[in-house]
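Residues or ranges marked as transmembrane segment in TrEMBL: B:17-42, B:254-278, B:310-329, B:349-368. The domain 'MacB-like periplasmic core' feature in TrEMBL is assigned to B:18-227. What TrEMBL lists as domain 'ABC3 transporter permease C-terminal' is B:263-372.
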Amino acid sequence: MTRIASSTAVQIRQLSYFFGQGDLRKQVLYDIDLDLPRGQIVIMTGPSGSGKTTLLTLIGALRTVQQGSLQVLDQEIVGLSRAALVTVRRNIGFIFQAHNLFESLTASQNVEMAVELLDRWGDKRQKAVQMLSQLGLADRVDYKPSALSGGQKQRVAIARALVNQPALVLADEPTAALDKQSGREVVTLMQELAKSQGKTILMVTHDNRILDVADRIITLVDGRLETDESLAS
Amino acid sequence: MKTPLALLNLTHEKTRLLVAIAGVAFAVLLVFMNLGFLGALAKSASQIYSQFDADVFLLSPQTLEISTNKAFPRERLYQAAGFAGVERTMPIYAGYGQWRNPETRKNRSIFVFGINPDDPVFLDPEFRSPQNLDALRRPDTTLIDRLSRPEFGSQQAGTITELERRRVTVGGQYVLGGGFAADGTLLMSDQNFRRFFDPFPLNLISVGLIKLQPESDPDRVAAALAAALPKDVIVLTKPQIVDRERTYWISTTSIGFIFGLGVTISCIVGVIIVYQILYTDIADHMKQYATLKAMGYRSGFLVQTVIQEAIILAVLGYIPGFIISLGLYELTRSATAGGLPIGMEWERALFVLLLTLSMCILSAVISVRKVVLADPAEVF
């Protein structure tokens, strides 16, 4: 089957990954084949140690691919130099379990750090404020993280990930540190933004309460793709 | 404008910032004090020569510096007097004597100059005030340096005490300063000098001063003298003798080494303090820095940020260090009653600023390795 390249955000072929060297070498991913079409929200689940996060960091160009083929946003990243990987990462939004905000910077400044990557100086504040407002933080733009709740901090982190309009968003347990209500809010906001801007989201989560936002759920067990289930929306 | 991440990171932890500034300021202060003493030493070593009204100097080759001198025949000075361009020659006799504090009756070494009262040896006209000239001609009478340490006791004219276990009367005062070699100085006539340092033959002198006619070139006359005079004297121009004295104190005594070591150790202390602060800061922000890397920032940006933090620390630490040093210089001057000419020079201020900057940047380079090696994949 031939694909139109631009309709796929991520294309993985026969991807394997190993940790360690020599005798300690241990395989964590086995022959993964996966396509993520643009605009899809995909949730990846699976037991601990099944390789979910490793797969996510590979797609995020944070690790070097050892075996197989991995195309992210129409670019083959196997064999790219470190510097080239950094360039690839600039088109990806990352959301982590911990918010990883600079305590010394205000919400707006934390988001502006992302805008500065594009060498845009004039309207960076405006863009940051706009993004934070979309996430319901209009009255919190000049607060430092210490004055924000857990859910608010995670929303700042999401604003930071999305402010540059990345085509691909990778999230690793974005709700794990949040209570039920804030978790729900955060995911709903992500869903709305993804739908309105046509982003692809790949989210690793154990949180059963949020599975309904997904278009598709894939399960990874012991480094192999176990199930791949599309949900009627 | 770029978000000033380095500045904000530093100012976020106020206590840590204060500790860091205090640490850098302390190192800066130590460097300034060490260099200050070294500079004062060099200056005070040469200070005495700048006050002599002479252009060329004769010394015995065995003279290490003015207070460790070997006498040489006075004939050399008579010979020099016959050279073209020489206006006047003046002998100086110099040596240490035991001065008894008239109040506590404790003995202490004092440095004594003997001169011919008719010779205009010094540039400062105070030396030739009528009262001083008169006192110089009286037997068993001496002038005393106002910059002598207070341990020598009263400097009042008319004070009677003992020098070299011989009765002496203070006849007046002058300002000279003994530098590192002497806590105090006396000035007396050659006749008195011979009395107190008996048997000191007046045909052997410690230093020969040669004043040139205004249009003569000191270098040319010194060269001519050196070529003609026997090898029991060396001929030096003023800059040469100043340099010789400095070299003696700084290079061939432990003093230069001690202060040099002081500067080195202060710098090491500074590097360690700044390294600790920067390292802790980096360790605290490891996740954030790794996130920046994941977002697409290059290692160079993180290196830049840490170096900026280092430069900010250097400047913020330098300012109080500089101000406190000025205060301590002042304190030192007053403690030595002006005898130790310690003072701030802009070359030194600039040198220490550059030293502080390189010290902090070195710390940054050592501590930044951790950030550069930060693996963004570990954040997940």
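Numbering starts at 1 and runs along the chain as it is shown here.
Note: Cβ is positioned from N, Cα and C throughout, glycine not excepted.
Where the annotation comes from TrEMBL, it is an automatic prediction and has not been curated.
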Range from B:17-42, B:310-329, B:349-368 with the greatest count of C-beta pairs under 8 A to the transmembrane segment (B:254-278): B:17-42
Number of helical, extended and coil residues in the domain 'ABC3 transporter permease C-terminal' (B:263-372), per DSSP: 96 helix, 0 strand, 14 coil
Mean of pLDDT values spanning the domain 'MacB-like periplasmic core' (B:18-227): 91
